[in-house]
Amino acid sequence: MRNFVWAEELDADRIDDVRALLLAARETDGRPEVEPDGPLPGEFSGPRHLLCFSGEGAAAELVGYAHLDVRGDAFGRQVAELIVHPAHRRRGHGTALLEEVLRHADRLRIWSHGDHPAAARLAERFGLSRARELLVMSASSAEQEWPKPRLPEGVRLRTFVPGQDEEAVIAVNARAFDWHPEQSQFDVKALREAQRESWFDADGFFLAENAEGRVVGFHWTKVHPANPNRFGGRPVGEVYVVGVDPDAQGGGLGKALTLAGLRHLRQRGLEQVILYVEGDNAPAIAVYRKLGFETVETDVQYAQGS
């Protein structure tokens, strides 16, 4: 017997149950990035949560989970993530989860991480269209030259200072990513919360200042711990966010910032560097390919009614 429970928030016991499911999925799929303790990953924060149980009473087991972000992306579209426990797949739970989410969602977007054929078949069955691709690109730091960055005249690089630079970074972010469904919503509060994460490293957060001392760009790097089922089981660096103020674009600042971060990650001993880029951002993809990056994964977002 299958039962669904919707919740606006998860109590401690439910968080533990969901974490166990996510960790099991990570062991099989390499995703999502979830820690054995602490808060759930950001993509599962906020309302609403859907828990799918198999069995009754004390014997009921959590076999599936969905997070429905009813707050929506920057364009008012609700976004869902669906995960079925690896030990309970191919039993109709994924279909049932999707049906339940669709009954409660409006203008829905659903992520499929890894562009799995089963997800494509399920999307076709429910009339969902392939609306967005997010490419995961990777490069070997040992095989690339990555020369010293050449900055535009009057621009200098320095690293982020916590408690001082938040407003300046968010101002650039807002202008650089006004088109982006997620990054455009990143604010000072979120940046301060990120600084409490174990992976945050101000020494890997590069800022570009112009001659007047105004921040006109940034490159925020990130280091992921080893994941046995992803990227060869080794720690990897990430070109997390590169943002350039539109007024400072066109002079090579974006490439210079990217190179500064890449060289920093290599100096930290990371043999592999990854990044995420929109599949339709041809200019950025071309730049990354020249820097030695190749596409290794594709995430797909399916859309309801478009």
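Backbone N, Cα and C define each Cβ position, glycine as well.
The following features are taken from Swiss-Prot:
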{"type": "BINDING", "residues": "Leu82, Ile83, Val84, Arg90, Arg91, Gly92, His93, Gly94, Thr95", "note": "acetyl-CoA 1 binding site"}
{"type": "BINDING", "residues": "Val242, Gly243, Val244, Gln249, Gly250, Gly251, Gly252, Leu253, Gly254, Lys255", "note": "acetyl-CoA 2 binding site"}
{"type": "DOMAIN", "residues": "5-162", "note": "domain 'N-acetyltransferase 1'"}
{"type": "DOMAIN", "residues": "155-306", "note": "domain 'N-acetyltransferase 2'"}
Protein Cβ atoms within 10 Å of Arg91 (acetyl-CoA 1 binding site), excluding its own:
14
Whole-number mean of pLDDT values that fall within the domain 'N-acetyltransferase 2' (155-306):
94
Restricting the comparison to the binding-site residues Leu82, Val84, Arg91, His93, Thr95, which residue's C-alpha is spatially nearest the C-alpha of Val244 (acetyl-CoA 2 binding site)?
Leu82
Quick check: with Val242, Gly243, Val244, Gln249, Gly250, Gly251, Gly252, Leu253, Gly254, Lys255 left out, which same-chain residues have Cβ atoms within 8 Å of the centroid of the acetyl-CoA 2 site Cβ atoms?
Gly217, Ala248, Ala256, Leu257
When you rank Gly250, Gly252, Gly254 by Cα distance to Leu82 (acetyl-CoA 1 binding site), which of the binding-site residues ends up on top as the closest?
Gly254
Please identify, among the binding-site residues Val84, Arg91, His93, the one with the smallest Cα-Cα distance to Gly252 (acetyl-CoA 2 binding site).
Val84
Whole number in angstrom, please: the longest C-alpha to C-alpha distance across Val242, Gly243, Val244, Gln249, Gly250, Gly251, Gly252, Leu253, Gly254, Lys255 for acetyl-CoA 2.
15
Out of Val242, Gly250, Gly254, point to the one nearest Val84 (acetyl-CoA 1 binding site) in space (Cα versus Cα); all of them are binding-site residues in the record.
Val242
Tell me, how many other CB atoms lie within 10 A of the CB of Val84 (acetyl-CoA 1 binding site), whichever protein chain they belong to?
23
Identify all same-chain residues not among Leu82, Ile83, Val84, Arg90, Arg91, Gly92, His93, Gly94, Thr95 whose C-beta atom falls within 8 angstroms of the centroid of the acetyl-CoA 1 site's C-beta atoms; report them in sequence order.
Cys52, Val63, Gly64, His88, Arg89, Ala96, Leu97
Including all protein chains displayed, how many Cβ atoms other than that of Gly250 (acetyl-CoA 2 binding site) lie within 10 Å of its Cβ?
10
Per DSSP, three-state class assigned to Val242 (acetyl-CoA 2 binding site):
strand
Given the binding-site residues Gly252, Gly254, which one is most crowded in terms of C-beta atoms within 10 angstroms?
Gly254
Where does Gly250 (acetyl-CoA 2 binding site) sit in the DSSP three-state scheme?
coil
